[in-house]
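Marked as Zn(2+) binding site by Swiss-Prot on the basis of sequence analysis: C220, C289, C296, C299.
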Amino acid sequence: MAEPVDLIFYNRVMDRITIKQIMNGLMTHFGITYATHVLDQPKTLGFQQATRGATSLGIDDLLTTPSKGWLIKDAEHHGNLSGKHYNYGNLYAVEKLRQLIETWYTTSEYLKRGMNLNFGITDPSNPVHMMSFSGARGSTSQIHQLVGMRGLMSDPQGQIIDLPIQSNFREGLSLTEYIISCYGARKGVVDTAVRTSDAGYLTRRLVEVVQRIVVRKSDCGTTSGISMNHSWKKKRIIYQRLIGRVLAENVYINNRCLAMRNQDIGNLTVDKFIGLTAEPIRVRSPSTCKSMLWICQLCYGWSLTNGDLVEVGEAVGIIAGQSIGEPGTQLTLRTFHTGGVFTGDIAEHVRTPSDGVIEFDGRFVYPTRTRHGHPAWICHTSLFLSIRGRNKRHNLLIPAKSLLLIRNNQYVESEQVIAEIRTKASPPKERIHKYIYSDLDGEMSWITGVCHTSEYMHSCIHPTLRTCHVWILSGKSDNKKDKLPVSFYDNQDRINSNTFLAEDQSFPSTPRNKNRSNICIFNPYVSKKNRVFTRWELTHIAFNSSNQSVNSNIILYDYDVVRKHRTFFLREMYTNLYFLLEVKNNGVLRNNDFFAITDHPKYELKESGVLKYGTIKIGSADRNNESRDERMKKFRSTFRIVKGGNFFLIPERRYISAQVLSSILERNNKSVRVGTSITSIVQSDTSGLVRIGRRINNTYEVKILPGIIYYPDEPNKLSERVSVLIPPGKQLFNKFRCDHWIYFQWIIPLEEKPFALPRPATEYVISNRSTQKKFLNLLRNIDLGINTANYLLHADGEQIRVISGRCTPLIRTCLIICWGKKYFTEKAHVSLLKIKTTNNSRNYLQISLIYFDSLDEKRQGDMVYSQYILRRNYYDDFFSICRNRLKSKHKGIIRISSDRKDEYRSSIILSPPDLIEVSKMIGSKNPIGKDTDNFSSTEFFNFQNQLEKIGSIRNRIRSRAKHFLRIVSFDEICFLGNLRTSTKLDECFYWIIYTGAKTCLRIDQSRQTFQNPKWFLIDEYIGIYRCRCEKNINHNLFDYYLPSPSREGTKIPSLGHFLFKDFRMVETKQFLPPGQVIGIHMDYLIIRLGKPHLANEGAIIHNNCGGSVEEGDTLITLIYERLKSGDIIQGLPKVEQLLEARSTNSVSIDLGSSFRDWSNDMKRFIGNLWGFFLSARISMEQGQMILVDQIQKVYKSQGVQISNKHIEIIVRQMTSRFLTSEDGIIDISSPGELIEFSQARRMNRVLEEVISYEPILLGITEASLSTRSFISEASFQETTRVLARAALKGRIDWLRGLKENVIVGEIIPAGTGSEEVIWQRTLEREEDIFLSNREFCFGENIENPFWHSDTFFVFPTMETVRNILRESASANGRNI
């Protein structure tokens, strides 16, 4: 025994793998008995320490990964980008789903890796961490769901739910996440109950197919083997694959033999291989054993129980079946915890080693599209790629069929992904149909890419010929499903609501529309019939016994009212302008009154200077339309812009010095540079000419005029010129050329020579359309609009002083309301409308215009009492039927499809909500700041009484930037009715207020109303709520944006052009909504709103071009292939699919492709005969290895280690049958018959004409039913059929396997004492004695395909030939 001082002490954690290595080392060096005695001691120690430690799992042990927060945010950011590209029409719905799956699966995998790293750093002895690597009931996947994220789930149909579960069980799931998680949990519970029996049945089938495999020989003499392609970066995998194997050939290093053939590989041998060689190592395998019915000792290798060569006579087949089937039962118990969770593989990427420019030959690549919709290039063959950096060049080789994600000559950064490598084995795929549904009513349209002719008559199914966009253009269809002919109107006719459209042939169904509310008005004095008005009209009539007055309320839904502190602004969606509301006189506007102002941010000054007018024209005030506001009259009468043009600012820098002139360090008319000291404390921040002047308060002011001093050659002629503005491109003194506008100023000092000072000038351009009109109600017969008037705030030649840190506006824009007097009276009422829903509320401006219809002049001054109730209700009828005619519910323009020739044509009504008007003017951005001071008035816009309070605030507000407005919908407006009101006719207008159930509401009230009205709100549950009345804060919501001068070269979309979302016109800042241009005006565009859908090649369109579409209709069916998604319940269905070799399995596909590839390669080198033979043999070997790797991959994903040799025994039995072809001898076997490979080899050795056969891959069930023993087949399944066929054929069971001997009660042919084993050993000893007396050479590695004899020294006698033929004939006769 060694001295204690010489003992080696290892202070490290012993995990399961390390303990297994110690056990193997002990058994190798000391034997099983000593190793058992040593291992009893750590076992006892382990139980003692586990009892003392009492390791248990608590909720505090569940530690969340710190990196989860930013990983989730990054994934959500990528999801938002995918959603934007999908809305733009750049992605298919399938590509969007793929991006989402790839993003969240990658996030989940990174989170899982971070979880293991976090446990290993912070708390390695954490019970949760130890459980994940214990190999018992827990694994990394289960722990990841406890502390990481549950991830994507699969529904019962196997479809992936596109809403990932971001939470884990430690944090708790939300309601939505819990419902989604129940899909997988329910699937897990079902699998726990059902898959347990499947696991047991799988074990039975595995044992059934290999039960006769017994070790009978020491060496079969084969020279074949399999190659172990190893990567020394994963030493653990190399140890598991090589230890216990036997070498198939010698291993050489530099002509030195490192290991001999038939030498078993132990730990020391593997260490030599890892340190000295990197070549693939060929080892013997059960799948390449030459034994016909059994297996040899060297092809199997070590026994896993004692670390030595397996004993002859051991039933390794049953051991292999049990070792593969038994883990399936254990894995089934994990189903409940992880059921339904989606798993996949991250694609293998190529990253750049350093920064540089990519260079490759572009002739070998062609453009394509990735599965996520990104542009890429695919290479035909292996592509040589070079990265040219600053100091060195890196060369990379990209495999064939890989996707390049970068362009040629593109600059890349270090570790950037440049290529995606295609997997060698094609993964299993399935064909999926994804349906795209419409989310709005309208009309379907497409241009190219779709087959317009259907395959069948009267069919609306159209396939796509290539990738194209399918548009859904917004519109309202009263003629649902094209059931009625449009007989009264033609295309482009304008109609009003309640207009008869067509004759009714039958009473159509009344579809429900949950979002449509109607208003019923009752008048008990005139008529008992209810009159229904939809809120699309927004025009309501109050009936009484003597007259009728119509009150038209215009709600500016393109704008909303934004409140900043105490000030209200108008905000528009498609231009970045805010307008300050300026409404006076109790909220009453007269014709041509202004109601909102803003200062254009483009025309703001940040530096002092002199203003010079250019081509711009200024007019005087319009005396006929003078405003009643003195403030408005003051600046309107002097500087109103009549015609657009340009004006200029000549900048200058001003400094105010002390009262003493001597304190100024520079003299007058002297040129200074930047940094020159003007006074002792002031330095010049610009270069130019110094001008000193005296102010009124006896202080001296210093101005720096930027420019260059030039002394001309002829000062007399120059003095005749006055100061002028010189445009770009003009020459000065025939020496200089101007690059920009300059202000040429002449300076004449008192005592010095006169000189010229060219000063830079800043040009401002304003559009010629200084006054424009926008009609508020498109497609309505109302001559109502707003004018935009621009005003200059400074006169020509005025010096503008800008205080540091502030901006001075140059132009102010006013919005002026105007209408035709033939329709309305002289007044319009403005009120604030607040529309409140459950989770949101918005403010709008409402303008009430009062006009009269057949009103007697004598009764206009009388009091009119009208009693009516407005009730909110929901109607199911989408259109009204009157006298068998279809009545329109909408007001707009008829759009009739021209794709159908019959009388039943699709019709769409374009209403105001379906269209949008976009100005061609150029917008700009300058949103209001957070520090804006606001104001409001509790009075009815009586600003005259509040000027003293808010004067200073308003001055600051007017110096702010302009603001933008946002388009909103008026679909959520609710109405109230007045039970008893008493008003003057000339001031009569109805009331609309914002609503909120069971709350006190603020009601707008006009001061000219004689009696406060009583308001009642009726909600959707017919509940009546009384609301109190208060004074109204009346605001004007007339929405418009401030125009700016247009630029030359602006590209306007053509008529009929389709615009995608956020389409930006050239050189403008306007982003247009998606839709189609249906009208082009000189000042604006009319766009019909729509939504694009991208359809790939082969997709199916479910409607005709121009056909009407309802919300929820199926539009497109996308057909695509996707990888089969698995879950981590236990991998049992995947293993069963592989072992049964179903047609959906990728192994059969790989065998066929491998055979073709090897056949073509071999024919070029060897010839046809050898090429077919070797390609069939090698393709079968490759198929066997692929199948072994796929089965091993499923079990490794669950942390289960299975020896490859056991899987190879199963795969050998699956590939041991061959299918006879028609070229065979008919007397021996019929075409299509399954025969064993050993039987075919024996027949070909003795027959003159060989049998032609093809390799085939059988499942374990079919392989079990095609053995030589009918007793074994009958005991497995289909007993009656198997026994009946065996009796008819006269088959004889030779009892070669273990199962049939157990059934008949005989001794099983296994074990060291078996007679067959003893006879086989005796025969081997005789062969060894004979071979020792003769020289023998094994020949080359590639054996002769025509040499089928296993023994070379004895020629078969005639009796042996007859026995073999008799046995073969009898076996074939039984199979017929």
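Just so you know, the numbers here start at 1 and follow the chain as drawn.
Cβ atoms are placed via backbone N, Cα and C, with glycine included.
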Inset, instruction - Just jot down the residues in the same chain as C220 (Zn(2+) binding site), at least 6 apart in sequence, with C-beta under 8 A of its C-beta; none if empty. - result: C289, K290, S291, C296, L298, C299
Legend entry - C289 (Zn(2+) binding site) CB neighbourhood, other CB atoms within 10 A: 25
Legend entry - Candidate with the highest Cβ count within 10 Å, taken from the binding-site residues C296, C299: C299
Inset, instruction - Translate the DSSP assignment of C299 (Zn(2+) binding site) into the three-state scheme. - result: helix
Legend entry - Env. residues of Zn(2+) site, Cβ within 8 Å of mean position of C220, C289, C296, C299 Cβ: K217, D219, T222, R284, P286, T288, K290, S291, I295, Q297, L298, Y300
